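Here's the structure we're looking at; comments come further down.
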Amino acid sequence: MFPTRLARLLLAVALTLPGALCGEGALGKSSMARCSLFGADFINTFDESMYSFSGDCSYLLAGDCKTHSFSIVGDFQGGRRMGLSVYLGEFFDIHVFVNGTVLQGGQHVSMPYATRGLYLETEVGHHKLSSESYGFVARIDGSGNFQILLSDRHFNKTCGLCGDFNIFAEDDFRTQEGTLTSDPYDFANSWALSSEEQRCPRVSPPSSSCNVSSELQKGLWEKCQLLKTASVFARCHALVDPEPFVALCERMLCACAQGLRCPCPVLLEYARACAKQGMLLYGWADHSSCRPDCPTGMEYKECVSPCHRTCRSLSITEVCREQCVDGCSCPEGQLLDEGRCVESTECPCVHAGKPYPPGASLSRDCNTCICRNSQWVCSNEDCPGECLITGQSHFKSFDDRHFTFSGVCQYLLAQDCQDHSFSVVIETVQCADDPDAVCTRSVTVRLPSPHHGLLKLKHGGGVALDGQDVQIPLLQGDLRIQHTVTASLQLNFGEDLQIDWDGRGRLLLKLSPVYAGRTCGLCGNYNGNQRDDFLTPAGLVEPLVEHFGNSWKLRADCEDLQEQPSDPCSLNPRLTKFADQACAILTSPKFEACHSAVSPLPYLRNCRYDVCACSDGRDCLCDAVANYAAACARRGVHVGWREPSFCALSCPHGQVYQQCGTPCNLTCRSLSHPDEECTEVCLEGCFCPPGLFLDETGSCVPKAQCPCYYDGEIFQPEDIFSDHHTMCYCEDGFMHSATSGAPGSLLPEAVLSSPLSHRSKRSLSCRPPMVKVVCPADNPRAEGLECTKTCQNYDLECMSTGCVSGCLPAPGMVRHENRCVALERCPCFHQGREYAPGDRVKVDCNSCVCQDRKWNCTDHVCDASCSALGLAHYFTFDGLKYLFPGECQYVLVQDHCGSNPGTFRVLVGNEGCSVPSLKCRKRITILVEGGEIELFD
């Protein structure tokens, strides 16, 4: 037998050489060995032994029988194939049933599914389970036929019902005990997998009685002979001997109850065996009237790309390396969607794993997206930028870069660095209750004309204008300041600037798109590129956050932040376990609805940092979780996370906690002067119960007890007075009259408190080149020692909250370290080093020279880089770092975007990372100009 078999193999090689199979039906010969379970009870082994076996248990079909890294098991019941199971070692199992149900570890999963190097998907009507790492492919078709393919690495290393894969059919019937037998039932029964839960019965061959009429038997016999006589099958005779298939077909005639379709499984198996050898038998199904059944709306084809077009892949130009297979596919022009064929206009869209029908819309920030042809078509409006400070000096820039900077000084948070129309400065101090922590004590804002005043938002919720405390709400032209929740304030200036300040250190700064690309400071430059967020006043991007933060320091007498701990948990092991467990709520199902809208990872890092850095980690935990919940609420996802035993919020007497309340028109004052421009937003906090309003004492009262605010005066309920012969009376917080006159000015006067106290430093004399400055008592905007100019802050605006007398550098000179220097002698700074005027540095492909304290750089467009590091770390062209532990192959970069036909594509994937016996490696595939290059370590 071997010489004949070898001759057939050599002939197959010759016929598949380049140019040998050029016409219709040619297909590259597969390099994988194939085992098939088909028909009612037939098995075709890797070495092409065919036999019958009707099992009633679980049996080993194939696997790694040397190191036992994986096993493929067939599950039978009453002679019927029920499904396939794959076991990886002793602790992982996945089960695929003929009906498409999938269980992994006892849990239902849906396709597609990837885990531990295994990929489960639906392919042309087949359920396919494959693994490049383990070297196998298993398929179950719609008729319950099984196909198992093994790579040549398993040559002579497998065992089970599919044989031993060594090209010798003579030793295929080797039992689990190692003996050879000629009885297929003795062989197959030996591979039954009994367990304590399931004892496998020994299966016997069925009876051989014939229940088919002679006339039908003749018709079936003639159909079996088609394998030898029909021209459509004759094309493959040189590659696959039809005799064993004809013999098998004839043997099953008496046992089959499906009429003229009884031979069809054998004919299908012959066609698949030919395709395995590289020969496609187009038309065999029609010629033999054996076209396999397909789901409604689909049609059978002898050659279908396994990378079939679906609604989800409509916008992706896939790279398909696998050969075509026979199976069910959609008619030309239609796409597969969840098992049915549809027109492209019927394709749904997917967002955050949830499908949306055609025409559905979503709001994303300030834009609206509509589902069309499986793609989201979105408006392209520029959205407001948000800069956020939370917890222990955690920042989120306008371009969503998260960082921590714990310097103690006054810093420029954000400024219009083109027109200088506004500035926002923060003051940070050591926290009073925790000397190791840094808190934001106040926020100072300088607004555009005609105000030109300094507004200070103080710790505790107070507000000062040019050093004088003012009463809230404050409404002056475009400027509006109002209380939102408890001690929280909201400052609005027109529609372009908004500040939310909670009075305890949490700050949100929102700017309209008119400022995009125009800002500078700790919040970044608002240009959509995270890579240049650490831009300094000198014009260079710093790699270290400490150098970046120090460059925006406004006061000369503050120490630079030299180094800050990247992970306080490493310094406080006692709190590490508590931090990990407590902060895990952010990634728990409690916040699952928000994960697709706001990534929890930066907030999780901040939570661990704060809990470990805080003297009372539990208090900081609640603030950290609240910060993430607030970010979710801003994206329209409201999470009720507080519980009586976890971070319960204690409200003042008479107020109630609301997870989502509105700040608008909740006070007695708002009854007299409703704020029609208030933005209805969702805020967590303490509110008066429905029907009650907050009075000036902080108590919740019914409107009948609210005073009235009229013409700058306060009137108690039921007060009556005469105004120009009109009788006016106060009722329900509103001044009523016999006429319809307006109820006075909508702009309450600022209530001034104690006058600004001027601080001074006693100095009898100043040594040259210092000069003495004495603050005038009659000028609240005077500047003194607190505004000392240095080489680093010379171009930054000083916001004085109180003049300090003392010694300052003479005109034309500035302070550098502890000496006075001429302005033109100031150095430039980069990466913590000083550079003298005229010095040069190289930044990417540009050259920068130090001139007038700033770096003057060439403006070449430099090459950008995207990195894939380790198993799951990615660094985009624009500097975004993210974690994605996907187990499939993904497009790393391509220029096949939109209607662009494209010229290249780079794919990335990890292999062997879930196999203990294999080395994990990264594979990069480069497709360019019709060529393919693969790189792997």
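Our numbering is plain: 1 for the first residue shown, then up by one each step along the chain.
Yeah, the Cβs are placed from backbone N, Cα and C, and that goes for glycine too.
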Which range of 51-96, 787-832, 879-924 is region 'E1', per Swiss-Prot: 787-832
Residue among Cys35, Cys264, Cys274 that, according to Swiss-Prot, closes a disulfide with Cys162: Cys35
Stated Swiss-Prot location of region 'Amino-terminal', expressed as one of 307-330, 715-738, 763-786: 763-786
Neighbours of Gln410 (site 'Factor XIIIa-binding') among the disulfide-bonded residues Cys57, Cys162, Cys387, Cys558 (Cα to Cα, within 10 Å): Cys558
Within the predicted model, mean pLDDT of the region 'Amino-terminal' (763-786): 76
Listed recorded positions (Asn99, Gln410, Asn856), ranked by Cβ neighbours within 10 Å, top entry: Gln410
Residue among recorded positions Cys35, Asn665, Asn856 with Cα closest to the Cα of Cys775 (disulfide bond): Asn856
Cys387 (disulfide bond) versus disulfide-bonded residues Cys35, Cys200, Cys431, Cys766 - nearest by Cα: Cys431
Chain residues in Cβ proximity to the region 'Amino-terminal' (763-786) (below 8 Å; excluding those fewer than six residues from its ends, i.e. six or more beyond): 454, 466-468, 555, 756, 798, 800-811, 813, 820
Helix, strand or coil at Cys409 (disulfide bond) [DSSP, three-state]: coil
By Cα-Cα distance, the member of disulfide-bonded residues Cys162, Cys803, Cys807 nearest Cys431 (disulfide bond): Cys803
Cβ-Cβ neighbours of Cys766 (disulfide bond) (radius 10 Å): 15
